[in-house]
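Undergrad: First the structure, which I've put down as structure tokens, then a few questions once you've had a look.
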Amino acid sequence: MASLRLLAIPLLFLLVALPLAAADDASDQDDSGPKSPFCNNTFQLVKVKNWVDGKEHESLVGLTARFGASLPTEAHDHLRLPAVFSNPMNCCSDSSSELSGSIALSTRGDCSFMAKAKVAQSGDAAALLVINDKEDIYKMVCSENDTIVNITIPVVMIPKSGGDTLSKSIADGKKVELLLYAPTRPVVDSAVVFLWMMAVGTVVCASLWSEYIACEQNDERYNELSPKASEAGATKDDPEKEVLDISAKGAVGFVITASTFLVLLYFFMSSWFVWVLIVLFCIGGVEGMHACIVTLILRGCKNSERKTVNLPLFGEVTVLSLGVLLFCLSFAIAWAITRKASFSWIGQDVLGISLMITVLQIARLPNIKVASVLLCCAFVYDIFWVFISPVIFKDSVMIAVARGDNSGGESIPMLLRVPRFFDPWGGYDMIGFGDILFPGLLISFAFRFDKTNKRGMTNGYFLWLAIGYGCGLLFTYLGLYLMNGHGQPALLYLVPCTLGVTIILGLMRGELGHLWEHGTSVPIPILGRPGEA
């Protein structure tokens, strides 16, 4: 579509700003601190079930300390005990409140975590719940000035919002009861498998789309709302298709623009900023979904009756195209309205996959030289903004943006996400659009190269790159697991498994020069027509 071509470039900049594989977990920081036999526990996420006057409320999430007793993995293995605030509330000196047989509540600050635990333990409290002064959950470690002793009660930190809720209930004279337990997380959740299948399926489907799915259409009005016009900046592979070739300079500028956009998101993200992204995502999703659905319908109904209507601004359009557009608009609006519902991930993934398939039909890599520039820049970009940016910004910029910090509860839609169905902690596994689009451009090129040179599956490049991409994703999620859910720069694994495989195969077959200069008999300008100045 003409409108999709206009949206393709800015949307690509938005889509690649978050090339990240992540797990939507509680955050934790501050893993430093001295260790000893009494201060060497493994940190555990804790569920804090709570009842107010006998009525169960939503469970809170906490984190155990480096010291203290461990918690059971099942709720029925622990007692439901009353919650009592220590007095003083910071629990830095002997409490005048009766703590025996209860779970002591304490605010953070004024003394070390170990000191608070000693006071709670001396008062015969069954456990200590420390309320953080922020929404993050920090790891409670021992300090250099602590006299390390054996703490025999569980010590758990909860975020400020949860503590405020408990404090209000206690201040209102209500009876608050708590139950603490630490359920274990499955080694592999079905969400990871499903997400892997979606990502690999999107790349393969986008590569094969034009050859095996899109049907030849003699009447171009069927697949768009406005007549096609020959425009600068588009190259036509055939009379019906318009694509954008990426140049080496364009690839570098592409990544620089994405970095700039990511920094803007980090510093200026707010609910209205996220809403702008949501609107742009919906527009792009509607465009992509419309193109995919119309193509699929026309493939199955090549001889369907071609009824048209005249619309203001658009002129003559087909009834099919108009009907599909109205459906896609309704779908996107419904997703935007219900985007915080538990099922909203389905609509987000459908819109995102449709958009990426369509974008990969428009943006193309002409050869491995440009692919190397683009993917190597993206490789550095990904690693820098995940692992190196904390040195400069005190935060991992990409993880902070993906989490939606300072966005008023709104989350970035430029991700595929799947809920962890069998994880007692819930949450989502996610992958950024850039982790699909960047390797997808290379894999699509490999398919076109194989087709042009009449290669089979085994002696070509497409099959091996698709396998490499799948293996790269497996390595990504292995890294995610080994780093306890810390967001991973997926391109760290995907680039070697795709571009690296291409170069190795090219060298082994003596074809690297052909791959490197493929299609460059005439200079290719940035996102322009081959041969056009």
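Glycine residues also receive a Cβ, built from the backbone N, Cα and C atoms like all the rest.
Just so you know, TrEMBL annotations are computer predictions that nobody has curated.
Taken from TrEMBL, the feature signal peptide covers 1-23. The domain 'PA' annotation in TrEMBL covers 92-166. Feature annotation from TrEMBL assigns transmembrane segment to 193-214, 251-269, 275-298, 319-337, 343-363, 370-388, 430-449, 461-484, 490-508.
Structural setting of the listed features?
TA: Counting residues of the domain 'PA' (92-166) by DSSP class, helix then strand then coil, yields 17 helix, 14 strand, 44 coil.
Packing against the transmembrane segment (193-214) from elsewhere in the chain are residues 241, 295-296, 299, 349, 353, 356-357, 360-361, 416-418, 429-431, 435-436, 439-440, 443-444, 446-447, 451, 462, 466, 469-470, 473-474, 477: each is 6 or more residues past its ends and has a CB under 8 Å from a CB in it.
Within the chain, the transmembrane segment (461-484) has long-range Cβ neighbours (under 8 A, six or more residues past its boundaries) at 21-23, 187, 192, 196, 199-200, 203-204, 207, 429, 431, 435, 439, 442-443, 446-447, 449-450, 455, 490, 492-498, 500-502, 505.
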Undergrad: At a C-beta cut-off of under 8 Å, are there same-chain residues at least 6 beyond the transmembrane segment (370-388) that contact it? List them, or none.
TA: 16, 19-20, 246-248, 251-252, 254-255, 258-259, 262, 396-399, 434, 438-439, 441-442, 445, 487-492, 495, 498-499, 502-503, 524
Undergrad: Excluding the flanking five residues on each side, which residues at least 6 beyond the ends of the transmembrane segment (343-363) place their CB within less than 8 Å of a CB in that stretch?
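TA: Same-chain residues near the transmembrane segment (343-363) but 6 or more away: 4-5, 8, 11-12, 15, 198, 202, 205-207, 209-210, 241-244, 246, 281-282, 284-289, 291-292, 331-332, 334-335, 413-419, 428, 433, 436-437, 440-441, 444.
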Undergrad: The domain 'PA' (92-166): mean pLDDT?
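TA: The answer is 86, the mean pLDDT of the model over that range.
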